Amino acid sequence: MKYPQPRCLRTLLLLAAMLTGNLLFAQVDFKYTVSPASLCAPVTVSLTNTSTGSALTYTWDFGDGRTSTDPNPTVIYTSGGVKKITLTAHNYNVDNSVFKTFTIGDIPVVNFSADVTQSCSFYTATFTDQTPGGTNRIWDFGDGTATVTTSAATITHAYTKAGKFDVKVTVSNINGCSSQLTKPAYINVSLPVLKMSAPVAGCVPYNATFTATSTNIVNDPATGYTWEFGDGSPAQNGGATINHTYTQTGTYNVAVTVKTASGCTIRTSFDKQVHTGNPPIGVSFTASPTNACTGEPVRLLANAQYADTYSWDFGDGSTLETATNDIKHGFNANGTLIVNMKAGSNGCYTNAPSIPVTINGPVSSFTYTRNCSERTEFNFTNTATNTSAAATYQWDFGDNSPLETTKDATHRYSVPGKYTVRLTVFDNNGTCSHSSFQTVYYFLADFTTGISSICRGNKVTYEVLNIPQELVASYTWIFGDGTTYTGPEQSYTKAWNTAGTYDDQLVIKYNNPAYCDDIVTRVANIRILAPQADFTLASGLCAGQPSTFKNNSVTSPNTPITNWKWDLGNGQTSTAQTPAPLKYAASGNYQVKLVITDARNCMDSISKTISINPSPFIKVTTAQAKICEGNGTTLTATTDASIQWLTTNNISCLNCTTPTVSPVTNTRYLAEATNPYGCTMRDSVDISVVPKVALTVASNDIKVCYGSSTKLQASGATNFKWTPVDGLTNDRIPDPISTPTADITYQVTATNDPMCPYSAPVSVKVSVKPVPDVDAGKSQTVPVGSVVKLMATGSGDVVKWQWSPTDYLDCSFCPIVTAAVRKPMTYSVTGTNAFGCTKSATVTVDLVCNSDAIYIPNTFSPNGDGVNDIFYPRGKGISFVKSLRIFNRWGQEVYRREKFNTDDKSRGWDGTFNGKPQPSDVYIYFLEAYCDTNDFLQLKGNLTLLR
């Protein structure tokens, strides 16, 4: 059994559908939504097929070489321009299409520069936006001033404070698309900072040395210093170090101005930098008593003239600077101690003679350590000196506990705190005693995080508890993920990047050897929660081809992922669980990042690199995009790869870059380039074919009457040329009007494009025929109601007459006619000869309205004999009688009739009034009437009634 071939089968199906009435071709339509709504690239277009009817298949053409047969596809445009989307419905052998266009704007690629980016003083910077196609800019200069919006590409801004400033500009283009660029710390305004060496003092004349230190911006060193010494002397230029001699006593401010290589200057004044004075005189002091116990106050009284300061060295390792000349001091050493004093006047000193002081009795001192095994317990060791075997001791631990009298002591604290411990030592005879003091801290080391769980990627702050910071040398944090940190801070913030449950430990080292290290361990201290982000993507992709992504992220137990955020590496983002296939416009490596968030608001992220191979370059051009049918042209494909022509009709070769083509209809030639990566790219060129003409004329032989015009009609082309041009309205159109004065033969040639040769000429003969002579006769003026004769005459070739209009004529086609006109008329008579040529003439018949148009009898005899019994008006050319009134000799109206026609006996007077016959007499009548010309006529006269 033989089956029909596919084409035959489609034909049979088409016929069957037509015979059964089931053929309903699709009415093609679709709708689309665009994201983002701003239509700024990259743009995602979601398409919905809304066609009605039926179709075998549908094909989408996205206008850039991409197609799809999906019912409702999504397409991404990564570049700007006018985009055309076509939907085609395929119905057996019939295709039906619809297309829609929209314009996508490119995102501007922002860049900018400044003429000066760093300065050692306040200045005005000039910024230039270098963004191609930018039309509007919003500048943020980073110094807290308001943003500035401008359409100008160049703008200035004054920086009036020091610092490093981020500069950001947001640029939009003509399409309304915008992008921004921030350059961190782009502007650096850094004023020089001056520091001075320590203040100095001495006796006049005093030679002071000053050293200034200048901190400047990079590449702008200090080049000079100007010094002002505050003593009235002139300012002096010099280096960073300078000497100056003060000859007068006083306190002086010193100022220095530094100048940098770029020309910036800054002046800084240092108050009370120099003190000078004269030596005090009569300097001495006394001590009372000069023999005392350790720690017993000894009065020291200084004497000096012009002194404002007293500097003491007590010989026991301690010193004192004071403005008071009368002081007390308890010595903490025993034996003979040498006390020295010098008196000063504004920094100028005079030494007094030394005085020896004898100090007796014990010197109290002690050490202590904390018990590392029992941290509430402290051991105190007596280290007092100059004691005898009979010395006694007293311990006060500062917590209101009973005093201890042992030489050494052990004490336990019950409440954490800071305690002052005192040891008092008494000598053997009870004359001298001495106390020493130390601060003891009792505490229980601990730490806290304040939370038990947190999302991965977040930070946890660890806080030390209960530990006196002044005792600490360092904290070492040992975390469950293997990381550690050592530092002096009481708190530490750690970022947790791995999910799990972790132990944490704190090791504290103290700067006081009395305290042993503390180790605090917390088991399962922190739980780090997180989903696990992961995805895979294809390899070996080409620029411009779709890349697909697969989301492999794993959730935390019982915690679903609620949010996905993709950065696709090319400026596009997505919040879908899996992004739609994406085309990367350019080759290279793209960093794709996925950030996920679960129901606990925990996040995770992962970045991977996608490698996009370069697509080949191809550009198809032609030297002649339009050719005449039967001719050819050469195509040129410029490419960096191998080539294949996909349009195969009328082409000389399929793999060469310069084939010759000879299409017979408009043809798009499509070429595909393939590079070693296997990446392809297509380009095409349209060849427009000017078809050969099929020149025809409506008639080759045309007859026209002399003085008349005729239309010449040619077809089968778009451009025409008629010769000769005599009598033509336009010799370049298909249907010119010809008005010849004699027989003439025209020739017409044509082409479908001026670039193609004109066709062989076609002739059109135009014969000019004579026009007859016609005369309608003289015009006439006659009374209304008249009948006139009209007589037309003409040349002997007239074979047909025709009058117009035909109103009131007894014949419309006779040369001589009669006309009973009722109104003024102008008649046209046309004579036609055997060639159909005509000539017309006109004649006018005018009417006059007067008393002759109406006849009114002057006598009537209403005696019933049937003769002249009724009085009524008679006439022709009267439209109607408006009124007829009759009066007797006494002025009495005996008859009235209105609106009637003449010659109507039924409307006349029968000689009676109110049903009574009127006597024989002479009566007066008044008549008003309108003629057919609409003229008004009034008549009056006498009427004799005879009996």
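Start at 1 and count along the chain as shown; that gives each residue its number.
The backbone N, Cα and C atoms fix where each Cβ goes, glycine too.
Mean model confidence for the domain 'PKD' (28-91) is a pLDDT of 83. Among the features that TrEMBL reports, domain 'PKD' is placed at 28-91 (among others).
Marked as domain 'PKD' by TrEMBL: 139-194 (among others). Secondary structure by DSSP for the domain 'PKD' (139-194): 0 helix, 36 strand, 20 coil.
The domain 'PKD' annotation in TrEMBL covers 220-263 (among others).
Look at TrEMBL and you will find 309-346 (among others) tagged as domain 'PKD'. Long-range Cβ contacts of the domain 'PKD' (309-346) within its own chain (Cβ-Cβ under 8 Å, at least 6 residues beyond either end) map to 201, 249-251, 275-280, 283, 285, 287, 292, 294-303, 352, 354-363, 385-386, 434.
Under the heading domain 'PKD', TrEMBL lists 361-436 (among others). Taken residue by residue, the domain 'PKD' (361-436) breaks down under DSSP into 0 helix, 37 strand, 39 coil.
Under the heading domain 'PKD', TrEMBL lists 473-508 (among others). Listed by sequence, the residues of this chain that lie at least six past the ends of the domain 'PKD' (473-508) yet keep a Cβ under 8 A from its Cβ atoms are 445, 447, 449, 454, 456-464, 467, 517-530, 532, 556.
Positions annotated as domain 'PKD' by TrEMBL: 530-612 (among others).
Look at TrEMBL and you will find 1-26 tagged as signal peptide.
When Cβ-Cβ distances below 8 Å are used as the criterion, the domain 'PKD' (220-263) is approached by residues 119-120, 192, 194, 196, 204-214, 269-278, 345-346, 348 of the same chain, each at least six residues removed from its ends.
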